[in-house]
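Novice: Summarising the annotation, TrEMBL assigns transmembrane segment to 6-21, 33-55, 75-94, 101-127, 165-181, 187-204.
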Amino acid sequence: MYSIDKYYFTYVIIVNIIMSMEKKTGKIDLTLFKTMFVISMSTFGGGFVIITLMQKKFCDELAWIKREEILNLTAIAQSAPGSLAVNAAILFGYQVRGLKGALIAVSATILPPLLILSVVSLFYNAFIHNQMIQLALQVMRSGVAAVIFDAVLNLLKDVLKTKDLYNILIMISAFIASYFMKVDTIVIVLICLSLGLALEIIHGKQEEIKS
């Protein structure tokens with residue numbers, strides 16, 4: 001109980017600070033916190049699921065981030081070490097409100113699982129042997145698979161819309177390496193990152209020559 005109370009009061013203080021800032025900075029910070037809190041609270045299945053929800057909220061509904069920026073932020077979040085969901089929250093929050101937005105977004109993202117897992121850990125044995133909970137988790141896996149598939153399709157469409165042959169070839173090659181050749185994901189990400197940097201350098205030099 002001590003650990004739960006400690007974390008709970010820590011985040012109560014964070015929420016109070018954010019709420020007090022709203023009086024000076026307007027509603028956008030509170031909206032950012034509420035948005036990330038609700039997304040994190042209702043997300044099951046990992047980072048790509050939360051990115052799908054963040055894309056729909058930040059891009060389609062709130063129009064805070066452009067659709068072409070979603071791909072870049074997702075790539076950076078995937079390449080950076082740590083949780084994809086937390087990395088994405090930091091980047092999306094920073095894009096909206098700078099460093100302050102990053103702190104708000106990451107706090108709102110980690111608060112729900114922290115509280116939920118703290119409670120679950122106390123009753124772990126009861127949860128793990130409960131048939132109703134096991135059935136619910138199995139059903140949730142099917143829903144999560146559908147959401148992840150939707151995220152993949154959206155990212156695929158965004159890549160194809162660029163009509164950049166190099167990006168499309170890199171995407172296809174990465175898929176073949178991952179699915180058929182079973183190459184480690186970290187290796188694929190590092191190779192794609194290196195290729196992206198190399199192509200950007202070459203493109204920059206070509207622009208200098210033209211100018």
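Every residue, even glycine, has its Cβ placed from backbone N, Cα and C.
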Novice: Six or more residues out from either end of the transmembrane segment (187-204), which same-chain residues have a Cβ under 8 Å from its Cβ atoms?
Specialist: 75, 78-79, 166, 170, 174, 177-178
Novice: So what's near the transmembrane segment (33-55) in sequence-distant terms, Cβ-Cβ under 8 Å and 6+ beyond its ends?
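Specialist: 15, 18, 62, 67, 70, 74, 77-78, 83-85, 87-89, 92-93, 104-105, 107-113, 140-141, 143-145, 147-148, 150-152, 154.
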Novice: Is it the case that the transmembrane segment (101-127) and the transmembrane segment (75-94) have 3 or more CB pairs under 8 Å, with pairs at least 6 apart in sequence?
Specialist: yes
Novice: Given a Cβ distance threshold of under 8 angstroms, which distant residues of the chain, six or more beyond its ends, lie next to the transmembrane segment (75-94)?
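Specialist: Same-chain contacts beyond the flanks: 32, 36, 40, 43, 46-48, 50-51, 54, 58, 65, 101-106, 108-110, 189-190, 192-193, 196.
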Novice: Give residue numbers and ranges for long-range contacts of the transmembrane segment (165-181): same chain, 6 or more residues beyond its ends, CB-CB under 8 A.
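Specialist: Non-local partners: 156, 159, 188, 191-192, 195-196, 199.
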